[in-house]
Amino acid sequence: MLIHLHIPNSQIPIMAFVTALFLSSLLTLSVSSPGHALSMNYYHKTCPNAEMIVANTVKTATRKDKTVPAALLRMHFHDCFLRKSQVWMSAFVDIHPNFEGCDASVLLNSKGNNKAEKDAPPNGSLHAFYVIDSAKQQIEALCPGVVSCADILAFAARDAIVLSGGPTWDVPKGRKDGRTSKASETTKLPSPIFNISQLQQSFSLRGLSLDDLAALLGAHTLGFAHCSSFESRLNSNNVDPTLNPTFAKHLRNICPIKNKAKNAGATMDPSSTTFDNTYYKLILQQKSLFSSDQALLTHPKTKGLVYKFATSRKAFREAFVKSMIKMSSITGGQEVRKDCRVVN
C-alpha cells in the first residue's frame, strides 16, 4: 500500500524523519499489535509433525466423505472474516478491540447465554468440525499446548485444496486462538446477494483487494449451496436477468416455491469436488449460483480477472495461493486452546 505525502521542500528533512518514524511504528503495529507475527518455521522445533498429522486426518476423513474439503475451506473463510474491523490502515485511527480474524472463533461452542458463531444461520450448514477435533487431539498427545486450533484450521484448509486437485503452499504459522465467539457477528460475513460495491467494501475492511476478491471467490468451485442462497434470483415474476434462462429453469425445478425439500440445493459447479477454474467459466456463461459471483462482471478489474482465470488455470492457482496466504494471515487471539470447542 503506497502513501503519498505532499510536503514543501523546506520541510523535507524534518518531515522525512517524522514520516520514517511514523511508518516504522505503523509497521510494528501491523505485525505485532494486536495480532501476532507469523513465520514459516514456527513449529520447527516444538511440534515438527503437526502439519503431517493434520494432512493425514483430512485425507482420512475425505476418503469417507467427499464433502469434507469444501466444508473445511468454508469453515476457514468464515473464521477469518469475523472479529475483524480494520487491518493495516487502522494504525491511522484507533485499534479496534476485536481486532482478530483467523482465531478459530468459529470452532467454539455456545455457552450459557452466549450463542456462538457456529450456531448462527449463516453457519448452519458448516460441518466436519470433528476433523479439526481429531487432528487437535492427536497433536495435543504429541505436543501439548503448542499448536493453536487456528493454525490447525489453516493447515486443514490448505490440505482440503490439495486433496481436491488444487495447489499447495507453505502456510505461515503462529496464530493464536480467540476467546470470544458471537453469533451476532456473523451478519458481517459477505452475502451471496452482495453487489460488487458491497463485496469490495467487505474485503477491503479485511485488507483484501479486488484481486484478492476475484481469486478467493474461486473457492466456490467446491461445494454445495442450499436454495436459500440463490432462490431470490428465481422470482417467477422477475427472474434475475444476469441468470441464463435455461439454467434458471433448471434451478427452479430444484428449488420450487412450494414443496421444497429441506436440504434442497445445487452443487457450486458440475465438478464440485475438484479445485479447478470451472467457476469462472460458469460466470461467463451466466450460470453462477450466487448473484455475488455474477457481480464480478460488473467491475472492469474483476471482470478482467474472471476472463483471465477462466482461460488460465495456472493464473488462477497462483492468484488463489497468494490471496489465501494474505487472508489467512489476518491474525489475533490470545491463547492456544487445549480443546478447540472451549476456551482454556
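Backbone N, Cα and C define each Cβ position, glycine as well.
Just so you know, TrEMBL annotations are computer predictions that nobody has curated.
Quick look at what TrEMBL annotates:
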BINDING   D79, G101, D103, S105, E117  Ca(2+) 1 binding site
BINDING   T221, D269, D276  Ca(2+) 2 binding site
DISULFID  C47-C143  disulfide bond
DISULFID  C80-C102  disulfide bond
DISULFID  C149-C340  disulfide bond
DISULFID  C227-C255  disulfide bond
DOMAIN    37-344  domain 'Plant heme peroxidase family profile'
SITE      R74  site 'Transition state stabilizer'
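This view paints the features noted in TrEMBL onto the structure.
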residue	record	Cβ within 10 Å
C47	disulfide bond	20
D79	Ca(2+) 1 binding site	31
E117	Ca(2+) 1 binding site	25
C143	disulfide bond	16
C149	disulfide bond	31
T221	Ca(2+) 2 binding site	25
C255	disulfide bond	20
D269	Ca(2+) 2 binding site	21
D276	Ca(2+) 2 binding site	18
C340	disulfide bond	23
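With a cut-off of 8 Å between CB atoms and residues at least 6 apart in sequence, the same chain places I254, C255, K260, A264, G265 near C227 (disulfide bond), listed in sequence order. In this view, C80 (disulfide bond) is surrounded by 30 other Cβ atoms within 10 Å of its Cβ, with every protein chain counted. Restricting the binding-site residues D79, S105, E117, T221, D269, D276 to those with a CA within 10 Å of the CA of C340 (disulfide bond) leaves S105, listed by sequence position. R74 (site 'Transition state stabilizer') sits 12 Å from C102 (disulfide bond), taking the CA atoms of both as reference points.
T221 (Ca(2+) 2 binding site) is 26 Å away from C149 (disulfide bond) when you measure Cα to Cα. Here C80 (disulfide bond) is positioned 9 angstrom away from S105 (Ca(2+) 1 binding site), judged by their C-alpha atoms. What surrounds the Ca(2+) 2 site, by Cβ distance within 8 Å of the Cβ centroid and not counting T221, D269, D276, is the set G218, H220, L222, M268, P270, S271, S272, T274, F275, N277, T278, Y279, L282 from the same chain. The Cβ of C102 (disulfide bond) has 33 other Cβ atoms within 10 Å, all protein chains considered. Distance from the CA of D103 (Ca(2+) 1 binding site) to the CA of C47 (disulfide bond) is 19 Å. On the 0 to 100 pLDDT scale, the domain 'Plant heme peroxidase family profile' (37-344) averages 91 in the predicted structure.
Put simply, C80 (disulfide bond) is 12 Å from E117 (Ca(2+) 1 binding site) when counted between their Cα atoms.
Between the C-alpha atoms of C102 (disulfide bond) and D79 (Ca(2+) 1 binding site), the distance comes to 5 Å. On the backbone, the CA of T221 (Ca(2+) 2 binding site) and the CA of C143 (disulfide bond) stand 35 Å apart. Looking only at Cα atoms, D103 (Ca(2+) 1 binding site) sits nearest to C80 among the recorded positions C80, D269, D276. When the alpha carbons of C143 (disulfide bond) and D79 (Ca(2+) 1 binding site) are compared, the span between them is 24 angstrom.
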